[in-house]
Amino acid sequence: MERQSRVMSEKDEYQFQHQGAVELLVFNFLLILTILTIWLFKNHRFRFLHETGGAMVYGLIMGLILRYATAPTDIESGTVYDCVKLTFSPSTLLVNITDQVYEYKYKREISQHNINPHQGNAILEKMTFDPEIFFNVLLPPIIFHAGYSLKKRHFFQNLGSILTYAFLGTAISCIVIGLIMYGFVKAMIHAGQLKNGDFHFTDCLFFGSLMSATDPVTVLAIFHELHVDPDLYTLLFGESVLNDAVAIVLTYSISIYSPKENPNAFDAAAFFQSVGNFLGIFAGSFAMGSAYAIITALLTKFTKLCEFPMLETGLFFLLSWSAFLSAEAAGLTGIVAVLFCGVTQAHYTYNNLSSDSKIRTKQLFEFMNFLAENVIFCYMGLALFTFQNHIFNALFILGAFLAIFVARACNIYPLSFLLNLGRKQKIPWNFQHMMMFSGLRGAIAFALAIRNTESQPKQMMFTTTLLLVFFTVWVFGGGTTPMLTWLQIRVGVDLDENLKEDPSSQHQEANNLDKNMTKAESARLFRMWYSFDHKYLKPILTHSGPPLTTTLPEWCGPISRLLTSPQAYGEQLKEDDVECIVNQDELAINYQEQASSPCSPPARLGLDQKASPQTPGKENIYEGDLGLGGYELKLEQTLGQSQLN
């Protein structure tokens, strides 16, 4: 008997390993098909179905095959055994079965309605991912790549609008979706489709927070291929990047909302506690990600890792990943931390990397982003058939479709109207219509929904989220090109050309600045930050910028010499790069270092304003909603700076 049980155990273990290999083989096969399909689409300029939509189609087909072509097994019989001596759920449990001791580990709590009295399907159960895989493995490279590849010039040019859409717009979407869904839930209770008390207002707000996470990856990919107007691209890209971070923290804050008396009633103290949690988690995650990027910048600056590009790239990757893990370990949000880590790495650390490491890091995270995105979208297709606890409710699904469109309209149009009151370059109606159209749901909404599917309301949310992702990716993603034509939005704009950092073009832009942009207070704040960053942060963290011996007081001489790299002194003689900073009085050329660098001819900087007409299609680096007021610019020498654009 003992031998038989041991043989059965070894057989079960072999079967488990076999199922794991099948699971990996399925995803490997799906990715191969997706890559070949992407090549086919790009070769034939087929834009009505994007690669993400194709990945979902392949996932659906594979899920359909696994669902109906595999036989059910007895490994999940649904039988419940009572342990009357246990009063809690231990993390590890030793069970004596016929004098044979077995070890079991805690997996999750299961609601009564999730216990299936019939046979289960081992393959389908195996194909259902642990939700933490999405947050700990697949999402971090996607979010980091978004921050690391950020086009900083256009992003900061529209920073005010992006922050407004990301923070205020996400809050508006969450509230509007929550209110509409609460009305539909009441209708479902009245129709007898739900029991009173099964679905609370906090559940509706939770659904609103996860559905407020937009992910227009399909639209942005088409924008990039068609070279759509850079302002529209930046508004959508910037909103989606920050919106993901805000939605994740907002979802967590709502999930821990717990009034003292009635758990489903409004409690002002609990509400403000949730707001405080939101602000604290967001700020802490921002600080954590930025801190790791600063550590990476200092290590790459003061060591000679640049002589070993492989080690340099490895250190860069591991420290960036550590930002995510440290934030999660500290009870913060790793997604927010890794986003701002990527932005800070691009702004500082990238300048210290060797040329090989610059190429390797960009290609590494681009590749990881590509694989992770396609794995997620393939799994979305699979999940429609492999997830065994779907709850389809037509009224709830109809309400969700209506809610996301109304919420998107309440987000885009009123906020655009308010922003246009302070912007010189208005957000035109066709841009607003395109932003309304581009409110797709994707990886973040799906990952938030699948993270908790134990209760019936959460299962209904997950099923509805999955259908919404399918619809928006296929319909809106496929209709992007016709919509661009119908709205007469310009395409064929070379975004990279607009982002080139050459002295003559920047000086031409500076000579043609409009003096009446937006409010002067914003300009003063931005000018203070830029000056502080240029004079102190970049010289401390990178090899670029003026030597600290010229910017810090004399009594800081030892610290200045310690923190200033030898390259900064060498680059002090060069005038290869000119960068614009704000000056309140007049537009002038600053030659503070000219005494030590007599080889810098003024004519090379283009002092004759008449000889520097503005190049058509060039946008002013600072024009937008940062609020420069009537201030003008001053050109200051930047010492050998190399930025990631």
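Each residue, glycine too, has its Cβ placed from N, Cα and C.
Database features (Swiss-Prot):
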- 1-20: topological domain 'Lumenal' (TOPO_DOM)
- 21-41: transmembrane segment (TRANSMEM)
- 42-45: topological domain 'Cytoplasmic' (TOPO_DOM)
- 46-66: transmembrane segment (TRANSMEM)
- 67-126: topological domain 'Lumenal' (TOPO_DOM)
- N96: N-linked glycosylation site (CARBOHYD)
- 127-147: transmembrane segment (TRANSMEM)
- 148-164: topological domain 'Cytoplasmic' (TOPO_DOM)
- 186-203: topological domain 'Lumenal' (TOPO_DOM)
- 204-224: transmembrane segment (TRANSMEM)
- 225-235: topological domain 'Cytoplasmic' (TOPO_DOM)
- 236-256: transmembrane segment (TRANSMEM)
- 257-277: topological domain 'Lumenal' (TOPO_DOM)
- 278-298: transmembrane segment (TRANSMEM)
- 302-322: transmembrane segment (TRANSMEM)
- 323-343: transmembrane segment (TRANSMEM)
- 344-364: topological domain 'Cytoplasmic' (TOPO_DOM)
- 365-385: transmembrane segment (TRANSMEM)
- 387-407: transmembrane segment (TRANSMEM)
- 408-429: topological domain 'Cytoplasmic' (TOPO_DOM)
- 430-450: transmembrane segment (TRANSMEM)
- 451-465: topological domain 'Lumenal' (TOPO_DOM)
- 466-486: transmembrane segment (TRANSMEM)
- 487-645: topological domain 'Cytoplasmic' (TOPO_DOM)
- 594-622: region 'Disordered' (REGION)
*Give the one range among 46-66, 204-224, 236-256, 278-298 whose Cβ atoms make the most pairs under 8 Å with those of the transmembrane segment (365-385).*
46-66
*asked:* If we skip the immediate neighbours and take only residues 6+ beyond the ends of the transmembrane segment (127-147), which ones have a Cβ under 8 Å from one of its Cβ atoms?
replied: 23, 26, 63, 66, 237, 241, 244-245, 320-321, 324, 328, 334-335, 338-343, 345-346, 365-366, 368-369, 372-373, 375-376, 379, 382-383, 386-388, 443-444, 446-447, 450-453
*Stretch of maximal Cβ-Cβ contact with the transmembrane segment (236-256) [cut-off: under 8 Å; candidates 204-224, 278-298, 302-322, 387-407, 430-450]*: 204-224
*Folded-back contacts onto the transmembrane segment (302-322), same chain, C-beta under 8 angstroms, at least six residues removed*: 140, 144, 292-293, 295-296, 338, 341-342, 345, 349, 352-354, 356-357, 360-361, 364, 565
_Test of understanding: applying the rule of at least three C-beta pairs under 8 Å (pairs 6 or more apart in sequence), is the transmembrane segment (466-486) touching the transmembrane segment (46-66)?_
yes
*Work out, from DSSP, the number of helix, strand and coil residues along the topological domain 'Cytoplasmic' (344-364).*
19 helix, 0 strand, 2 coil
_Cβ contacts the transmembrane segment (430-450)/the transmembrane segment (323-343), at least three under 8 Å, sequence gap 6 or more_ = no
*asked:* At a 10 Å cut-off from the C-beta of N96 (N-linked glycosylation site), count the other C-beta atoms across all protein chains.
replied: 8
*Restricting to the same chain and to residues at least six past its boundaries, which positions have a Cβ under 8 Å from a Cβ of the transmembrane segment (278-298)?*
245-246, 249-250, 252-253, 315-316, 319-320, 322-323, 326-327, 330-345, 348-349, 352, 541-542
*Could you pull out which residues elsewhere in the chain have a CB under 8 Å from any CB of the topological domain 'Lumenal' (186-203), counting only those six or more residues past its ends?*
178, 254, 257, 263-264, 393, 395-396, 456-457, 461
